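*Asks:* Below is the structure I would like to discuss, written out as C-alpha coordinates.
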Amino acid sequence: MDKSLRFTICVLTALLLLKESSQAGEEKDPEALAAPKPGFGTDPRGAGEGLPTLTVTTILEDPYVMVRGAELEGYCMELLAALAGMLRFQYRVRVVGDGQYGAVAAGGNWSGMIGEILRREADIAVAPLTVTSAREEVVSFTTPFLQTGIGILLRKDTASQDMSFFHFLSPFSKETWTALLFAYLLTCFCLFLVARLSPCEWNEPKNEENHFTFLNSLWFGAGALALQGATPRPQALSVRVIAVVWWLFTLALLAAYIANFTALLSSGSEQLPIQTFEDLVKQRNLEFGTLEGSSTFYYFKNSKNPIHQMIYEYMEKRREHVLVKTYQEAVQRVMDSNYAFIGESISQDLAAARHCNLIRAPEVIGARGFGIATTQASPWTKPLSIAVLKLRESGDLDYLRNKWWESSCLRQSRERWAPLEPPALGGLFLTLGIGLALGILAALAELSSSSRRAAAHAKKSCCSVFTEEICTRLRIKGAARQSQEPSGKANA
(Lines of atoms letter the chains of each structure in order from A; the text may use other names.)
(Lines give C-alpha, C1' and ligand atoms only; values in the text may rest on other atoms or scores of the structure.)
Protein backbone atom coordinates (compact mmCIF):
# COMPACT_ATOMS: atom_id res chain seq x y z
CA MET A 1 0.00 0.00 0.00
CA ASP A 2 2.78 2.39 0.81
CA LYS A 3 4.42 1.85 -2.54
CA SER A 4 1.19 2.29 -4.47
CA LEU A 5 0.34 5.45 -2.52
CA ARG A 6 3.73 6.89 -3.23
CA PHE A 7 3.39 6.05 -6.92
CA THR A 8 -0.02 7.73 -7.08
CA ILE A 9 1.29 10.89 -5.42
CA CYS A 10 4.22 11.10 -7.87
CA VAL A 11 1.91 10.70 -10.87
CA LEU A 12 -0.45 13.42 -9.62
CA THR A 13 2.50 15.79 -8.97
CA ALA A 14 3.88 15.25 -12.46
CA LEU A 15 0.46 15.90 -14.02
CA LEU A 16 0.08 19.15 -12.07
CA LEU A 17 3.54 20.38 -13.18
CA LEU A 18 2.79 19.60 -16.83
CA LYS A 19 -0.51 21.46 -16.61
CA GLU A 20 1.13 24.59 -15.13
CA SER A 21 3.87 24.71 -17.81
CA SER A 22 1.30 24.39 -20.60
CA GLN A 23 -0.77 27.20 -19.14
CA ALA A 24 2.31 29.43 -18.90
CA GLY A 25 3.10 28.72 -22.54
CA GLU A 26 -0.43 29.65 -23.61
CA GLU A 27 -0.24 33.01 -21.84
CA LYS A 28 2.79 34.11 -23.90
CA ASP A 29 2.37 35.19 -27.53
CA PRO A 30 4.93 33.40 -29.71
CA GLU A 31 4.63 36.04 -32.43
CA ALA A 32 5.38 38.81 -29.96
CA LEU A 33 8.53 37.00 -28.91
CA ALA A 34 9.62 36.44 -32.47
CA ALA A 35 8.83 39.93 -33.76
CA PRO A 36 11.60 42.50 -33.24
CA LYS A 37 10.70 45.77 -31.59
CA PRO A 38 11.09 48.89 -33.73
CA GLY A 39 14.03 51.10 -32.99
CA PHE A 40 17.55 51.87 -34.09
CA GLY A 41 19.06 49.21 -31.81
CA THR A 42 17.01 46.35 -33.27
CA ASP A 43 18.88 43.54 -35.00
CA PRO A 44 16.33 40.97 -36.25
CA ARG A 45 18.80 38.87 -38.21
CA GLY A 46 18.71 35.98 -35.74
CA ALA A 47 15.18 36.46 -34.33
CA GLY A 48 11.64 36.00 -35.47
CA GLU A 49 10.66 32.46 -36.43
CA GLY A 50 8.28 32.51 -39.36
CA LEU A 51 9.05 36.06 -40.50
CA PRO A 52 10.12 36.64 -44.11
CA THR A 53 13.87 36.87 -44.65
CA LEU A 54 15.32 39.36 -47.13
CA THR A 55 18.78 39.25 -48.64
CA VAL A 56 20.29 42.72 -48.48
CA THR A 57 23.22 43.81 -50.62
CA THR A 58 25.32 46.79 -49.60
CA ILE A 59 28.73 48.33 -50.09
CA LEU A 60 31.42 49.26 -47.59
CA GLU A 61 31.56 53.03 -47.32
CA ASP A 62 32.09 55.17 -44.27
CA PRO A 63 29.79 56.02 -42.49
CA TYR A 64 27.04 54.09 -44.25
CA VAL A 65 28.42 50.59 -43.77
CA MET A 66 31.62 49.80 -41.86
CA VAL A 67 33.21 46.66 -40.46
CA ARG A 68 33.69 46.69 -36.69
CA GLY A 69 35.05 43.36 -35.53
CA ALA A 70 32.72 40.66 -36.84
CA GLU A 71 29.76 43.00 -37.25
CA LEU A 72 28.65 45.64 -39.71
CA GLU A 73 27.62 49.06 -38.43
CA GLY A 74 26.85 52.50 -39.78
CA TYR A 75 24.04 54.71 -40.99
CA CYS A 76 22.56 52.13 -43.38
CA MET A 77 22.79 49.35 -40.80
CA GLU A 78 20.80 51.34 -38.26
CA LEU A 79 18.34 52.38 -40.96
CA LEU A 80 17.89 48.73 -42.01
CA ALA A 81 17.33 47.65 -38.41
CA ALA A 82 14.67 50.33 -37.96
CA LEU A 83 12.90 49.31 -41.17
CA ALA A 84 12.97 45.63 -40.17
CA GLY A 85 11.44 46.49 -36.83
CA MET A 86 8.66 48.50 -38.43
CA LEU A 87 7.85 46.06 -41.27
CA ARG A 88 8.58 42.83 -39.33
CA PHE A 89 11.10 41.02 -41.49
CA GLN A 90 14.46 39.35 -41.01
CA TYR A 91 17.47 40.06 -43.18
CA ARG A 92 20.83 38.73 -44.22
CA VAL A 93 23.43 41.33 -45.24
CA ARG A 94 26.06 40.66 -47.86
CA VAL A 95 28.66 43.05 -49.27
CA VAL A 96 28.52 43.43 -53.04
CA GLY A 97 31.05 41.17 -54.71
CA ASP A 98 32.59 43.53 -57.26
CA GLY A 99 32.55 46.59 -54.99
CA GLN A 100 30.48 48.61 -57.49
CA TYR A 101 27.29 50.59 -57.08
CA GLY A 102 25.76 49.65 -60.39
CA ALA A 103 26.46 50.56 -64.01
CA VAL A 104 25.83 49.10 -67.45
CA ALA A 105 28.79 47.02 -68.68
CA ALA A 106 29.90 46.67 -72.29
CA GLY A 107 27.65 43.67 -72.93
CA GLY A 108 24.57 45.39 -71.57
CA ASN A 109 24.70 43.66 -68.20
CA TRP A 110 24.58 45.58 -64.95
CA SER A 111 27.37 45.46 -62.41
CA GLY A 112 27.41 46.14 -58.69
CA MET A 113 24.38 46.10 -56.42
CA ILE A 114 21.98 46.77 -59.30
CA GLY A 115 23.27 43.67 -61.08
CA GLU A 116 22.82 41.50 -57.98
CA ILE A 117 19.20 42.61 -57.65
CA LEU A 118 18.54 41.91 -61.35
CA ARG A 119 20.10 38.44 -61.01
CA ARG A 120 17.92 37.81 -57.93
CA GLU A 121 21.01 37.39 -55.79
CA ALA A 122 19.60 40.03 -53.42
CA ASP A 123 16.12 41.28 -52.64
CA ILE A 124 16.97 44.89 -51.73
CA ALA A 125 20.01 47.18 -51.74
CA VAL A 126 20.44 49.43 -48.69
CA ALA A 127 23.39 51.67 -49.43
CA PRO A 128 24.26 55.20 -50.60
CA LEU A 129 22.77 54.29 -53.97
CA THR A 130 21.78 57.27 -56.10
CA VAL A 131 18.37 57.25 -57.77
CA THR A 132 18.88 57.74 -61.52
CA SER A 133 16.67 57.32 -64.55
CA ALA A 134 18.83 54.52 -65.98
CA ARG A 135 18.65 52.53 -62.75
CA GLU A 136 14.93 53.26 -62.35
CA GLU A 137 14.31 51.54 -65.69
CA VAL A 138 15.58 48.17 -64.41
CA VAL A 139 14.87 48.31 -60.66
CA SER A 140 12.50 50.14 -58.34
CA PHE A 141 13.51 52.72 -55.74
CA THR A 142 11.88 53.82 -52.53
CA THR A 143 11.49 57.39 -51.35
CA PRO A 144 15.03 58.83 -50.88
CA PHE A 145 16.28 58.65 -47.32
CA LEU A 146 19.10 61.17 -47.91
CA GLN A 147 19.34 64.20 -50.20
CA THR A 148 22.64 65.05 -51.84
CA GLY A 149 24.29 66.57 -54.92
CA ILE A 150 27.60 66.67 -56.76
CA GLY A 151 30.43 68.69 -55.24
CA ILE A 152 34.21 69.13 -55.38
CA LEU A 153 36.44 67.88 -52.56
CA LEU A 154 39.80 69.67 -52.24
CA ARG A 155 42.75 69.80 -49.92
CA LYS A 156 43.06 73.21 -48.30
CA ASP A 157 46.71 73.83 -49.09
CA THR A 158 46.34 72.82 -52.75
CA ALA A 159 43.15 74.87 -53.06
CA SER A 160 44.53 78.01 -51.47
CA GLN A 161 45.86 80.84 -53.59
CA ASP A 162 48.58 83.38 -52.91
CA MET A 163 47.48 86.32 -50.82
CA SER A 164 47.11 89.64 -52.55
CA PHE A 165 49.64 92.41 -52.03
CA PHE A 166 47.12 94.41 -49.99
CA HIS A 167 45.77 91.43 -48.08
CA PHE A 168 46.29 93.29 -44.80
CA LEU A 169 43.33 95.51 -45.73
CA SER A 170 40.92 92.57 -45.91
CA PRO A 171 39.72 92.54 -42.25
CA PHE A 172 37.69 95.70 -42.91
CA SER A 173 35.43 96.44 -45.85
CA LYS A 174 36.03 99.41 -48.14
CA GLU A 175 33.23 101.31 -46.45
CA THR A 176 34.80 100.71 -43.03
CA TRP A 177 38.21 101.96 -44.19
CA THR A 178 36.55 105.06 -45.68
CA ALA A 179 34.70 105.74 -42.42
CA LEU A 180 37.94 105.24 -40.47
CA LEU A 181 39.83 107.74 -42.66
CA PHE A 182 37.02 110.28 -42.27
CA ALA A 183 36.98 109.76 -38.48
CA TYR A 184 40.76 110.25 -38.32
CA LEU A 185 40.71 113.51 -40.28
CA LEU A 186 37.69 114.82 -38.37
CA THR A 187 39.32 114.05 -35.01
CA CYS A 188 42.58 115.73 -35.99
CA PHE A 189 40.71 118.79 -37.19
CA CYS A 190 38.75 118.93 -33.90
CA LEU A 191 42.03 118.70 -31.99
CA PHE A 192 43.43 121.57 -34.02
CA LEU A 193 40.25 123.65 -33.58
CA VAL A 194 39.79 123.03 -29.85
CA ALA A 195 43.47 123.66 -29.12
CA ARG A 196 43.15 127.08 -30.77
CA LEU A 197 39.90 127.96 -29.03
CA SER A 198 40.86 126.87 -25.52
CA PRO A 199 42.60 129.58 -23.44
CA CYS A 200 44.01 126.82 -21.18
CA GLU A 201 45.97 125.44 -24.12
CA TRP A 202 46.92 128.85 -25.56
CA ASN A 203 46.91 131.76 -23.13
CA GLU A 204 48.43 134.59 -25.21
CA PRO A 205 47.61 134.13 -28.92
CA LYS A 206 49.50 137.34 -29.88
CA ASN A 207 52.71 136.34 -28.16
CA GLU A 208 52.66 132.52 -27.96
CA GLU A 209 52.95 129.87 -30.63
CA ASN A 210 50.31 127.13 -30.62
CA HIS A 211 51.85 123.67 -30.61
CA PHE A 212 48.72 121.99 -31.98
CA THR A 213 49.10 122.97 -35.60
CA PHE A 214 47.15 120.89 -38.09
CA LEU A 215 50.23 118.85 -39.00
CA ASN A 216 50.99 118.22 -35.33
CA SER A 217 47.37 117.18 -34.81
CA LEU A 218 47.68 114.66 -37.66
CA TRP A 219 50.84 113.29 -36.07
CA PHE A 220 49.16 113.06 -32.67
CA GLY A 221 46.23 111.08 -34.12
CA ALA A 222 48.55 108.73 -36.04
CA GLY A 223 50.55 108.07 -32.87
CA ALA A 224 47.39 106.96 -31.09
CA LEU A 225 46.56 104.57 -33.97
CA ALA A 226 49.98 102.98 -33.53
CA LEU A 227 49.54 102.82 -29.73
CA GLN A 228 52.47 105.18 -29.32
CA GLY A 229 52.62 108.46 -27.45
CA ALA A 230 53.11 111.55 -29.59
CA THR A 231 53.81 115.17 -28.81
CA PRO A 232 52.50 117.76 -28.22
CA ARG A 233 50.83 116.72 -25.00
CA PRO A 234 47.37 118.23 -24.39
CA GLN A 235 46.99 120.53 -21.38
CA ALA A 236 43.43 121.88 -21.61
CA LEU A 237 40.52 119.74 -20.42
CA SER A 238 38.72 120.06 -23.73
CA VAL A 239 41.73 118.80 -25.71
CA ARG A 240 42.24 115.96 -23.25
CA VAL A 241 38.61 114.87 -23.65
CA ILE A 242 39.07 114.51 -27.40
CA ALA A 243 42.42 112.77 -26.93
CA VAL A 244 41.00 110.24 -24.46
CA VAL A 245 38.01 109.46 -26.67
CA TRP A 246 40.31 108.98 -29.67
CA TRP A 247 42.58 106.68 -27.67
CA LEU A 248 39.62 104.51 -26.61
CA PHE A 249 38.38 104.47 -30.20
CA THR A 250 41.75 103.30 -31.54
CA LEU A 251 42.07 100.60 -28.85
CA ALA A 252 38.70 99.08 -29.73
CA LEU A 253 39.38 99.43 -33.46
CA LEU A 254 42.77 97.73 -33.25
CA ALA A 255 41.29 94.89 -31.19
CA ALA A 256 38.61 94.33 -33.85
CA TYR A 257 41.22 94.49 -36.63
CA ILE A 258 43.57 91.98 -34.96
CA ALA A 259 40.73 89.56 -34.17
CA ASN A 260 39.32 89.68 -37.69
CA PHE A 261 42.74 89.43 -39.31
CA THR A 262 43.51 86.35 -37.20
CA ALA A 263 40.21 84.78 -38.25
CA LEU A 264 41.01 85.59 -41.87
CA LEU A 265 44.39 83.87 -41.72
CA SER A 266 42.96 80.76 -40.06
CA SER A 267 40.00 80.51 -42.43
CA GLY A 268 40.40 78.92 -45.83
CA SER A 269 36.99 79.77 -47.26
CA GLU A 270 38.07 83.11 -48.69
CA GLN A 271 41.21 81.64 -50.21
CA LEU A 272 39.55 79.11 -52.50
CA PRO A 273 40.21 79.94 -56.14
CA ILE A 274 38.05 76.94 -57.10
CA GLN A 275 34.52 77.97 -56.21
CA THR A 276 32.69 76.37 -59.16
CA PHE A 277 33.10 73.59 -61.69
CA GLU A 278 34.06 76.21 -64.27
CA ASP A 279 36.99 77.23 -62.06
CA LEU A 280 38.00 73.56 -61.84
CA VAL A 281 38.11 73.24 -65.63
CA LYS A 282 40.10 76.45 -66.13
CA GLN A 283 42.89 75.63 -63.66
CA ARG A 284 45.88 73.45 -64.54
CA ASN A 285 47.37 72.60 -61.15
CA LEU A 286 44.93 69.92 -60.00
CA GLU A 287 43.83 66.68 -61.59
CA PHE A 288 40.20 65.74 -61.03
CA GLY A 289 38.09 62.64 -61.34
CA THR A 290 35.29 60.61 -59.80
CA LEU A 291 34.31 57.03 -58.96
CA GLU A 292 34.48 54.66 -61.90
CA GLY A 293 31.02 53.52 -63.00
CA SER A 294 29.25 55.84 -60.56
CA SER A 295 26.15 57.90 -61.25
CA THR A 296 28.31 61.03 -61.01
CA PHE A 297 30.39 59.88 -63.98
CA TYR A 298 27.28 59.26 -66.09
CA TYR A 299 25.77 62.57 -64.99
CA PHE A 300 28.61 64.41 -66.71
CA LYS A 301 28.46 62.03 -69.67
CA ASN A 302 24.77 62.75 -70.31
CA SER A 303 24.83 66.46 -69.45
CA LYS A 304 24.43 69.03 -72.24
CA ASN A 305 26.19 71.74 -70.26
CA PRO A 306 29.47 72.69 -72.05
CA ILE A 307 31.40 72.85 -68.77
CA HIS A 308 30.12 69.42 -67.76
CA GLN A 309 31.02 68.04 -71.17
CA MET A 310 34.58 69.33 -70.77
CA ILE A 311 34.81 67.60 -67.39
CA TYR A 312 33.56 64.32 -68.88
CA GLU A 313 35.97 64.49 -71.82
CA TYR A 314 38.87 65.11 -69.45
CA MET A 315 37.93 62.14 -67.27
CA GLU A 316 37.25 59.88 -70.24
CA LYS A 317 40.62 60.59 -71.89
CA ARG A 318 42.51 59.96 -68.66
CA ARG A 319 40.16 57.46 -67.03
CA GLU A 320 42.98 55.05 -66.13
CA HIS A 321 44.66 57.80 -64.15
CA VAL A 322 41.91 60.00 -62.69
CA LEU A 323 39.04 57.56 -62.02
CA VAL A 324 39.16 55.80 -58.64
CA LYS A 325 37.68 52.50 -57.52
CA THR A 326 36.43 53.35 -54.04
CA TYR A 327 35.45 56.38 -52.01
CA GLN A 328 38.24 55.71 -49.49
CA GLU A 329 40.78 55.70 -52.31
CA ALA A 330 39.43 59.04 -53.53
CA VAL A 331 39.73 60.71 -50.12
CA GLN A 332 43.23 59.36 -49.61
CA ARG A 333 44.31 60.58 -53.02
CA VAL A 334 42.97 64.07 -52.33
CA MET A 335 45.00 64.19 -49.11
CA ASP A 336 48.21 62.81 -50.67
CA SER A 337 48.37 64.50 -54.08
CA ASN A 338 47.16 67.42 -56.19
CA TYR A 339 43.83 65.81 -56.90
CA ALA A 340 40.23 67.08 -56.71
CA PHE A 341 37.49 64.52 -56.20
CA ILE A 342 34.07 65.01 -57.81
CA GLY A 343 31.39 63.11 -55.96
CA GLU A 344 28.42 63.11 -53.63
CA SER A 345 28.38 66.32 -51.60
CA ILE A 346 27.05 64.60 -48.48
CA SER A 347 29.95 62.15 -48.51
CA GLN A 348 32.36 65.02 -49.06
CA ASP A 349 30.90 66.83 -46.05
CA LEU A 350 31.73 63.74 -44.01
CA ALA A 351 35.30 63.71 -45.32
CA ALA A 352 35.71 67.40 -44.45
CA ALA A 353 34.31 66.67 -40.97
CA ARG A 354 36.74 63.77 -40.39
CA HIS A 355 39.80 65.32 -42.04
CA CYS A 356 40.27 68.97 -41.11
CA ASN A 357 42.68 69.64 -43.99
CA LEU A 358 39.93 68.94 -46.54
CA ILE A 359 37.24 71.33 -47.72
CA ARG A 360 34.31 71.18 -50.14
CA ALA A 361 33.90 73.87 -52.79
CA PRO A 362 30.71 75.95 -52.41
CA GLU A 363 28.97 74.96 -55.66
CA VAL A 364 26.75 71.85 -55.63
CA ILE A 365 24.99 70.64 -58.79
CA GLY A 366 22.70 67.79 -59.76
CA ALA A 367 20.45 67.49 -56.73
CA ARG A 368 19.54 63.85 -56.21
CA GLY A 369 18.73 61.38 -53.44
CA PHE A 370 19.82 58.03 -52.00
CA GLY A 371 17.09 55.37 -52.18
CA ILE A 372 16.61 51.69 -51.36
CA ALA A 373 16.62 49.58 -54.54
CA THR A 374 14.27 46.61 -54.95
CA THR A 375 13.29 44.34 -57.78
CA GLN A 376 10.62 45.64 -60.10
CA ALA A 377 7.07 44.82 -58.95
CA SER A 378 8.47 43.91 -55.54
CA PRO A 379 5.84 43.91 -52.76
CA TRP A 380 8.37 45.58 -50.46
CA THR A 381 8.83 48.82 -52.45
CA LYS A 382 5.78 50.71 -51.20
CA PRO A 383 5.99 49.55 -47.54
CA LEU A 384 9.65 50.55 -47.45
CA SER A 385 8.83 53.98 -48.89
CA ILE A 386 6.13 54.55 -46.30
CA ALA A 387 8.47 53.44 -43.52
CA VAL A 388 11.16 55.85 -44.73
CA LEU A 389 8.63 58.69 -44.74
CA LYS A 390 7.58 57.83 -41.18
CA LEU A 391 11.20 57.87 -40.04
CA ARG A 392 11.68 61.25 -41.67
CA GLU A 393 8.52 62.70 -40.13
CA SER A 394 9.49 61.45 -36.67
CA GLY A 395 12.96 63.04 -36.93
CA ASP A 396 14.80 59.72 -36.74
CA LEU A 397 16.57 60.29 -40.06
CA ASP A 398 17.82 63.65 -38.86
CA TYR A 399 19.06 61.98 -35.68
CA LEU A 400 21.02 59.44 -37.72
CA ARG A 401 22.40 62.18 -39.97
CA ASN A 402 23.71 64.16 -37.00
CA LYS A 403 25.06 61.06 -35.28
CA TRP A 404 27.16 59.72 -38.14
CA TRP A 405 28.22 63.07 -39.59
CA GLU A 406 29.49 64.55 -36.35
CA SER A 407 32.56 66.69 -37.01
CA SER A 408 35.84 66.33 -35.14
CA CYS A 409 37.05 69.70 -36.45
CA LEU A 410 36.45 73.08 -34.87
CA ARG A 411 33.14 74.51 -35.98
CA GLN A 412 34.58 77.99 -36.29
CA SER A 413 36.96 76.81 -39.02
CA ARG A 414 33.97 75.92 -41.20
CA GLU A 415 32.28 79.27 -40.76
CA ARG A 416 32.55 81.67 -43.63
CA TRP A 417 34.69 84.71 -42.83
CA ALA A 418 33.49 88.18 -43.82
CA PRO A 419 35.07 91.65 -43.46
CA LEU A 420 33.69 93.97 -40.82
CA GLU A 421 31.11 96.41 -42.14
CA PRO A 422 30.46 99.91 -40.68
CA PRO A 423 27.25 98.82 -38.87
CA ALA A 424 29.32 96.39 -36.80
CA LEU A 425 31.37 99.35 -35.52
CA GLY A 426 28.51 101.84 -35.45
CA GLY A 427 28.55 102.23 -31.67
CA LEU A 428 32.28 102.89 -31.74
CA PHE A 429 31.94 105.70 -34.29
CA LEU A 430 28.98 107.12 -32.36
CA THR A 431 31.06 107.24 -29.17
CA LEU A 432 33.82 109.04 -31.03
CA GLY A 433 31.34 111.59 -32.38
CA ILE A 434 29.92 112.26 -28.93
CA GLY A 435 33.43 112.70 -27.54
CA LEU A 436 34.35 115.20 -30.23
CA ALA A 437 31.19 117.18 -29.55
CA LEU A 438 31.93 117.23 -25.82
CA GLY A 439 35.49 118.43 -26.50
CA ILE A 440 34.28 121.31 -28.66
CA LEU A 441 31.66 122.30 -26.08
CA ALA A 442 34.28 122.20 -23.33
CA ALA A 443 36.60 124.42 -25.40
CA LEU A 444 33.81 126.93 -25.98
CA ALA A 445 32.99 126.87 -22.26
CA GLU A 446 36.65 127.55 -21.39
CA LEU A 447 36.84 130.40 -23.90
CA SER A 448 33.54 131.82 -22.66
CA SER A 449 34.76 131.84 -19.06
CA SER A 450 38.00 133.55 -20.07
CA SER A 451 36.06 136.11 -22.16
CA ARG A 452 33.81 137.02 -19.22
CA ARG A 453 36.80 137.72 -17.01
CA ALA A 454 38.47 139.80 -19.73
CA ALA A 455 35.23 141.71 -20.38
CA ALA A 456 34.82 142.49 -16.68
CA HIS A 457 38.42 143.70 -16.45
CA ALA A 458 38.20 145.88 -19.60
CA LYS A 459 34.60 146.88 -18.97
CA LYS A 460 33.46 145.67 -22.40
CA SER A 461 30.63 143.54 -23.65
CA CYS A 462 31.16 139.84 -23.06
CA CYS A 463 29.90 138.97 -26.55
CA SER A 464 32.29 141.40 -28.23
CA VAL A 465 35.26 140.09 -26.24
CA PHE A 466 34.22 136.49 -27.01
CA THR A 467 33.99 137.26 -30.73
CA GLU A 468 37.36 139.02 -30.71
CA GLU A 469 38.95 136.04 -28.95
CA ILE A 470 37.58 133.60 -31.52
CA CYS A 471 38.74 135.76 -34.45
CA THR A 472 42.16 136.26 -32.88
CA ARG A 473 42.66 132.56 -32.20
CA LEU A 474 41.43 131.35 -35.56
CA ARG A 475 43.24 134.07 -37.58
CA ILE A 476 46.38 134.48 -35.56
CA LYS A 477 48.72 134.87 -38.53
CA GLY A 478 46.68 137.66 -40.11
CA ALA A 479 46.43 139.48 -36.78
CA ALA A 480 50.18 139.15 -36.31
CA ARG A 481 50.85 140.70 -39.69
CA GLN A 482 48.50 143.63 -38.91
CA SER A 483 50.26 144.25 -35.59
CA GLN A 484 53.71 144.15 -37.23
CA GLU A 485 52.85 146.64 -40.05
CA PRO A 486 52.27 149.73 -37.79
CA SER A 487 55.51 149.04 -35.90
CA GLY A 488 57.38 148.84 -39.21
CA LYS A 489 55.93 152.19 -40.36
CA ALA A 490 56.86 153.85 -37.07
CA ASN A 491 60.45 152.69 -37.41
CA ALA A 492 60.59 154.12 -40.90
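Heads up, the Cβ atoms here are built off N, Cα and C, so glycines get one too.
Annotations for this protein, taken from TrEMBL, read as follows:
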DISULFID  Cys356-Cys409  disulfide bond
REGION    27-49  region 'Disordered'
SIGNAL    1-24  signal peptide
SITE      Ile274  site 'Crucial to convey clamshell closure to channel opening'
TRANSMEM  177-199  transmembrane segment
TRANSMEM  237-259  transmembrane segment
TRANSMEM  424-445  transmembrane segment
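I'd like these features described in context: how deep, what's nearby, how far apart.
*Replies:* Here the Cβ of Ile274 (site 'Crucial to convey clamshell closure to channel opening') has 24 other Cβ atoms within 10 Å, regardless of which shown protein chain they belong to.
Below 8 angstroms of C-beta separation, residues 169, 210-214, 217-218, 220-222, 225, 234, 236-239, 242-243, 246, 249, 253, 422, 425, 429, 432, 436, 439-440, 442-444, 446-447, 450, 469-470, 473-474, 476 of the same chain, each at least six residues beyond the ends of the transmembrane segment (177-199), sit close to that stretch.
Counting only same-chain residues 6+ beyond the ends of the transmembrane segment (424-445), those with a CB under 8 A from a CB of the stretch are 176, 179, 183, 186-187, 190, 193-194, 197-198, 236-239, 241-242, 244-246, 248-249, 252-253, 256.
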*Asks:* For the C-alpha pair, I'd like the distance in angstrom between Cys356 (disulfide bond) and Ile274 (site 'Crucial to convey clamshell closure to channel opening'), rounded off.
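*Replies:* Between the Cα atoms of Cys356 (disulfide bond) and Ile274 (site 'Crucial to convey clamshell closure to channel opening'), the distance comes to 18 Å.
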*Asks:* Take the Cβ of Cys356 (disulfide bond) and count every other Cβ within 10 Å, whichever protein chain it belongs to.
*Replies:* 14
